[in-house]
Amino acid sequence: MTDLMSPDVENLLFDATTSRSRRIKNRLASIWMLGALLVAVIPLALVIGYVLLKGIGQISVAWFTDDLPTITRKAGGGMGPAIVGTLLITFVAALMAIPLGILGAIYLHEYGGKGRTARLIRFMADVMTGVPSIVMGLFVYTVWTLTFGLNGFGGSLALGCLMLPIIIRTTEEMLRLVPDELRQASYALGNRKWRTILTVVLPASFGGITSGVMIAIARAAGETAPLVFTIGAARNLNLNIFEGPMTALSVQIFGNAQTPFEAAQARAWGAALTLVAIVFAMTILARVVSSRVARRHAA
């Protein structure tokens with residue numbers, strides 16, 4: 001007499017074993033991904049926490065309004081000229097790079113396709129992305145600063161050249177993610193290509209484009225080498241970007257951190273915290289704007 005299990009019982013045992021194995025694998029995968037997330041986040045949190053700890057003591061109203069101290073080794077003074085210089089130089093750089101980058105990406109994806117000119121532009125953008133910032137600073141120093149002198153616009157040119165390839169490539173990728181069905185539906189309604197791009201493609205990809213622009217701005221705002229060659233040094237506020245030396249937070253961090261004086265090093269930490277806060281605030285603002293535009297487009 002043989003003791004055989006029915007097929008239903010065998011299926012239940014098999015399903016239970018398979019379900020248990022899947023749960024174990026899923027839990028192991030979740031633990032592994034959580035560990036990878038912690039490895040990526042913890043160093044960033046430690047850096048931000050340390051900068052906050054070292055720099056918070058410098059932050060005050062005078063920090064944002066006063067000029068730089070005339071004597072480096074003495075405490076006091078503010079970073080008003082450097083803060084304004086950073087915002088002004090980065091703003092002018094973005095004003096040049098964002099329209100050119102977005103228009104270039106539109107040409108590459110919507111018009112250029114796989115043509116020879118489009119391939120050449122993509123190649124040059126990829127090459128420019130990998131160019132060290134100090135090389136870009138030397139280039140602008142040669143073509144602009146030697147002729148027109150040290151001024152903020154030279155720094156904006158250098159930062160704009162660094163931002164441009166990032167905006168081109170990220171914007172092109174975002175345009176590629178827009179479904180062709182949306183374009184075809186717009187064409188079916190009688191819209192021309194340029195109108196389809198303005199009213200359908202760009203609004204659909206606005207969130208991704210904004211993220212790419214913010215990545216480019218964040219990189220530009222923290223650059224030091226191009227500004228050392230192009231903007232010079234100034235202790236007082238200069239709002240004329242085309243005339244006279246200026247200063248920026250990254251330049252002040254670089255200069256003050258190299259000195260042996262505790263007061264100057266403290267100012268470097270304060271400038272670092274201010275720069276991190278500015279980039280963080282711009283990122284949050286961009287996220288809010290892009291989310292509102294996305295909701296409006298979805299509605």
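The backbone N, Cα and C atoms fix where each Cβ goes, glycine too.
Database features (TrEMBL):
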TRANSMEM  29-53  transmembrane segment
TRANSMEM  82-108  transmembrane segment
DOMAIN    83-286  domain 'ABC transmembrane type-1'
TRANSMEM  120-144  transmembrane segment
TRANSMEM  150-168  transmembrane segment
TRANSMEM  197-218  transmembrane segment
TRANSMEM  268-289  transmembrane segment
Count, for each of 120-144, 197-218, 268-289, the Cβ pairs lying under 8 Å from the transmembrane segment (82-108), and report the range with the highest count.
197-218
Six or more residues beyond either end and a Cβ under 8 Å away: which residues meet both conditions relative to the transmembrane segment (197-218)?
90, 94, 97-98, 101-102, 106, 110, 162-164, 166-167, 169-171, 173-175, 177-178, 182-183, 185-186, 191, 279, 282-283, 286-287, 289-291, 293-294, 297
